[in-house]
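Copied from TrEMBL, the annotated features are:
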BINDING   3, 6, 18, 22  Zn(2+) binding site
REGION    38-60  region 'Disordered'
COMPBIAS  43-52  compositional bias 'Acidic residues'
Ligand SMILES: [Zn+2]
């Protein structure tokens with residue numbers, strides 16, 4: 001098995017990475033990904049908007 005970041009030899013201590021540096025890089029990638037994909041929240045907001053549209057606000 002080789003380091004998924006740089007392709008170097010995996011170090012037992014930092015499996016599956018070769019070094020602390022590569023482990024940190026991978027962690028940063030995960031954090032960035034979770035921060036930049038708040039799609040579920042946006043969907044929730046859209047659903048709320050639809051519900052408001054569906055409810056007739058005019059009392060006739
Ligand atoms: Zn590496």
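Just so you know, glycine gets a Cβ as well, placed from its N, Cα and C.
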Residue 18 (Zn(2+) binding site) CB neighbourhood, other CB atoms within 10 A: 20
Cβ-Cβ neighbours of residue 22 (Zn(2+) binding site) (radius 10 Å): 20
